[in-house]
Amino acid sequence: MAVDQQERDSYTGYLTTGHEWNGIKELNTPVPRAVYFFLALSVLFSVVYWILMPAWPLGVTYTKGLLGVDQRTTVAATLNEAAIDRSVWTRRIETEGFAAIQSDPKLMEIVRNAGRTLFGDNCAACHGHDAKGGPAYPNLTTSSWLWGGKPEDIFNTIRVGINSAHKDTRVSQMPAFGRDQMLPRADVMKVASFVYSLTHPDATTIDPKVDPKIDPKTIEAGKEIFAANCVSCHGDDAKGNPELGAPDLTDKSWIYGGSLEAIDTSIWGGRQGQMPSWEGRLSELDRKILTLYLLDKRTVTP
Amino acid sequence: MLLGVVGRDDPIGIHGALIFAAGILTIFLIGKDYYAPEPSDERFASYYDDPTKAGIVLAMIWVVFGLAVGDWVAWQLVNPNLTFGGGWSSFGRIRPVHTTAVIFGFGGNGLIATSLYVLQRTSRARLPDQLSPWFVLLGYNLFCVLAVTGYPMGITQSKEYAETEWYADIWLVVVWVVYFLIYLRTLARRKEPHIYVANWYFMAFILVVAMLHIVNNLAVPVSIGHAKSYTLFSGVQDAMIQWWYGHNAVAFFLTAGFLGMMYYFLPVRAGRPIFSYRMSIISFWGITFLYMWAGSHHLHFTALPHWVQTLGMTFSLMLLVPSWASAGNALLTLNGAWAKVRDDATLRFMMVAAVFYGLTTFEGSFMAIRAVNALSHYTDWTVGHVHAGALGWVAMITFGSIYAVVPWVWKRKSMYSAGLVEAHFWLSIAGALVYVFAMWNSGIIQGLMWRTYSEDGTLTYSFVDSLIAMHPYYVARAIGGLLFLIGGCIGAYNIWMTIKLPNPISEATADQPEPKAIGASPQPAE
């Protein structure tokens, strides 16, 4: 065995180390100077960096660095600076009334931009990026508001949420009239027919092949049951009550669907929607921007 | 190999049954040979390559499976409905199946198979016994199966790349210690005066992975009959331990182990001596020492104290030099053999791997700089970086090494089809490039969108806006992954056909611990 026999490689001209493993040999080429140079450079950079920045632990403390930089103070300063830059318009939004802000096109331009990202990052997951909602999530671009559509109402709903953990939360519940046996099965269907007829006046006359044709007598019976069970929340005229979060049943807005079947399901099983409280998560300014953004959306969209 | 953890209520019960079945099967396999005659000493005259063969086959099965799951996950990001509604198939459960299958299933089996091969050749000693290599290989695969079957059932301790729960972790420790002992026992019986570089790297890989695995998985099980456990650390300490583990898993599993592979198969295939022994030394100690400190660069701008971040960043920067020295050593070894690189797709796999290794380590050090990290962190850039390393470096060096070693261990003249190796090469490089470019674009766009403010100091884009902007890149990424998957399937087919080739060539006289003819091994090129 040729152990420790150095050879000269004909291609590079360097000697081998003399070892061989299963045919592999190694050249004894000196390490290129560039390697040492860059190694020294990177170490030098690191040492300088250590001197300038917080770097090495010393028991219970650490070397603070000559520049006195700390990420916590840096980020606090940056946030403060940003707040000062924004204060030109944030102070106005914070202090002025809704109507005053809405009449200032320049301020509303900012609200539209800031509101869009705020809404996209916080509200769109449920209400959709166009705020038009979806099954079980209200459309926020219509004039139909469960808890009132005045600026103060919207602002407060965002603050406390609905059926949320907030102490001032808005609370509402539609009882499960069918499941909890408050009404017999047949009566639920009758009320549903009546409610359906409020938004479908032609329900009794329409071609049965297209839509369920409903007997006027069923609607009449449903109206009586409605008067006995539902008016306390939804009102005598079924137009709802924003104090209680009871929806208007005569308009075209339906959170859980306006078909006869969907209405029947809601009456049978009840409803108790939830919206989180945003007081702990968004600043008052952000919540005010969102309120203005939604008010604006409502006026812009037909 | 018998862990009778049976009769548990809980998902752990399914795993208990799985382990029990594996144990029974093993008893029969060993028992079958109980009355076989004592093996003669003649066996010491040849290397023991059966575990290597099995490891290669297993690695190819894992890679096809892992890449397929990976591409499925990629398409889920394009269209979330592709979970088909199952809880088990949601992104959060399938993604660790992908990472575990490719890193541990494919990478791990490739490492075990090639390391046992290389260890014997470079020590000129047969493995110390017949049983322990099988225990390591099959035990390790049992661990991988426990992992990928557990995640869809929701068994996870939620540590990235260390998701397996306590019982699988303990099992892996046992397997790993035996693996290390095989290494030590074989090296102790070596007939070469020196230990070859590849074995330094393999040893570092085994030793450090054991250390990382044990510390990061220190946890208290809810009960002995329950899969859930709670980690010993909390808060930022837990995060730091996790990323000390996570980054060194990259360093010692995905780098050191595969450098060991490269240091054997690249010079042998090229027929050239290693460019510089001295550079090997600098690289090895540089990499092993500096990598240990780098993990905290995963936690820039977090609750981790600033000084720890400083150390993570500076050590990551210093690490670049030994990393490039390794890549340079590999590429300079090819001097005098570039004609072979042009003609031989197997060697080209290894060459491209070394190039990707250099690019990825540069990118990694760059991304560890705080200012760069502020842009790149949490974006797809990180995903692209990881895949440049995983597809470009790890997978390419493994495919190259496997294509080299398959004809050797199965005693075939060459692979079944050189054309298919060529096809696999081009599919792999196309897939990797498409993937990486897509993620660079998407990552940088994402990072910029998240930090763009309007003149009024409000965010210009919402998060969903950035998702919409990502969509075309996600499609491109999934296509890149698909190309890579097709390549992997072709590779598996080619290897299978090679194994089935008739007429093995007669025992190569040189491929024995005591070669009869000196220097009959592959000759360096002119």
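Placed from the backbone N, Cα and C atoms, the Cβ positions cover glycine too.
As given in TrEMBL:
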- A:CYS123, A:CYS126, A:HIS127, A:MET275: heme c 1 binding site (BINDING)
- A:MET174, A:CYS230, A:CYS233, A:HIS234: heme c 2 binding site (BINDING)
- A:110-199: domain 'Cytochrome c' (DOMAIN)
- A:217-298: domain 'Cytochrome c' (DOMAIN)
- A:34-52: transmembrane segment (TRANSMEM)
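Projection of TrEMBL feature records onto the structure.
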| residue | record | DSSP (3 states) |
| --- | --- | --- |
| A:CYS123 | heme c 1 binding site | coil |
| A:MET174 | heme c 2 binding site | strand |
| A:CYS230 | heme c 2 binding site | coil |
| A:MET275 | heme c 1 binding site | strand |
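Recorded residues A:CYS233 (heme c 2 binding site) and A:HIS127 (heme c 1 binding site) have their alpha carbons 25 Å apart, per Cα-Cα distance. The C-beta environment of A:CYS123 (heme c 1 binding site), restricted to residues of the same chain at least 6 apart in sequence and closer than 8 Å, consists of A:ALA131, A:LEU290. The shortest Cα-Cα distance from A:MET174 (heme c 2 binding site) to any of the binding-site residues (A:CYS126, A:HIS127, A:MET275) is found for A:MET275. Assigned with DSSP, the residues of the domain 'Cytochrome c' (A:217-298) fall into helix, strand and coil as follows: 42 helix, 4 strand, 36 coil. Counting Cβ atoms from all protein chains shown, A:MET174 (heme c 2 binding site) has 19 others lying within 10 Å of its own Cβ. The average per-residue pLDDT of the prediction over the domain 'Cytochrome c' (A:110-199) is 93, rounded to a whole number. Shown for the domain 'Cytochrome c' (A:110-199): DSSP residue counts in helix, strand and coil, namely 42 helix, 5 strand, 43 coil.
In this structure, the C-alpha atom of A:CYS126 (heme c 1 binding site) lies 25 angstrom from that of A:HIS234 (heme c 2 binding site). Considering only the residues assigned to heme c 1 binding, A:CYS123, A:CYS126, A:HIS127, A:MET275, the longest pairwise Cα distance works out to 11 Å.
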